[in-house]
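Notes follow once the structure below has been shown.
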Amino acid sequence: MATSMSFFLLLSSLAFAPMCLCNYYQEGKLYPQFYDYSCPQAQNIVKSILATYVQQQPRLAASILRLHFHDCFVKGCDASLLLDSSESIISEKGSNPNRNSARGFEVIDAIKAALERECPSTVSCADILTLAARDSVVLSGGPSWEVPLGRRDSRDASISGSNNNIPAPNNTFQTILTKFQLHGLDLVDLVALSGGHTIGNARCTTFRQRLYSQISGNGKPDSTLDQYYAAALRNRCPRSGGDQNLFFLDYATPYKFDNTYFKNLLAYKGLLSSDQILLTDQESAELVKSYAESNDIFFEQFAKSMIKMGNISPLTNSRGEIRENCRKINA
């Protein structure tokens, strides 16, 4: 009888026990259900606040996506880019790729403040930025995907890493590919993630050399740039001055996340040299054609590559911290 009663009590305790996370938890690994019990409303809060900002300023979707990219390519996806300068930190916000162009920090601040009210010291800034990047794509009409979670925040930044590791608009194809490969990404990831330029803007200073061939000195536009497109660009991007003038990366559907970016490349209407240069490599060019032909194929690979990029060197377990304020390390 005692044995039967013990067995009954065991079954009863199991019936009311929280669901075990064993099936998908792995020590030190990221997984989508990370906040299911500690902060179940986390993802809804991120998307709700982001949606409000993007509705008011559609350009912010591309800005948040870019922040995630520039964060991951420096020290891994650890929110180091979000840190302001302090006595011990030189912010990555002042690096060449980010100065006068990185934006959207106030959105992350608003999301973090809401999450701190809902579940204090629980959701990392690194995870907030990763989720916001996904949701920015979705809100712009792009694909969705499950975001592995569980990143922690760094306690330092690297302005040298930001200056050297992030692909630049004027890098050669091989230099860009090498920078991707150093982070465990391959050519397929390079082409797919370049498709993020289907939304957003670029400053005149980032592509001026294509309009005036300052490298060759012949005063003629880049031969891989459609001449009529180049003429239109020169109207607002003069040989000198107008450095901060903004231009759509995808002039056809600037606020819609789709495969038009790749169609533009095939028409020699890629804005940046780093965009158009994708046609100079045979394997890369074939991928451009494939994505231009099928929005579905592009969306599927973009989602896979975003997950892969989001997994670059995350801080997990006891490494790093959960910042209370994304702009500064905890006291």
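Numbers run from 1 along the shown chain.
Cβ coordinates come from backbone N, Cα and C, glycine included.
Per TrEMBL, the residue from Cys125, Cys237 that shares a disulphide bond with Cys204 is Cys237. Which of Cys22, Cys39, Cys72 pairs with Cys119 is settled by TrEMBL: its disulfide partner is Cys39. Highlighted in sequence order, His70, Cys72, Phe73, Lys75, Cys77, Ala79, Leu81, Ser154, Ala157, Ser158, Gly161, Ser162 have their Cβ within 8 Å of the centre of the Cβ atoms of Asp71, Val74, Gly76, Asp78, Ser80, Glu92, the residues recorded for Ca(2+) 1, and are not part of that set.
Cβ proximity to the Ca(2+) 2 site centre (mean Cβ of Thr198, Asp250, Thr253, Asp258, cutoff 8 Å) flags the following additional same-chain residues: Ile199, Ala252, Pro254, Lys256, Phe257, Asn259, Thr260, Tyr261. When the disulfide-bonded residues Cys39, Cys237 are compared by the number of other CB atoms within 10 angstroms of each CB, Cys39 has the fewest. Nearest Cα neighbour of Cys237 (disulfide bond) among the listed recorded positions (Cys39, Arg66, Asp71, Asp250, Cys326): Asp250.
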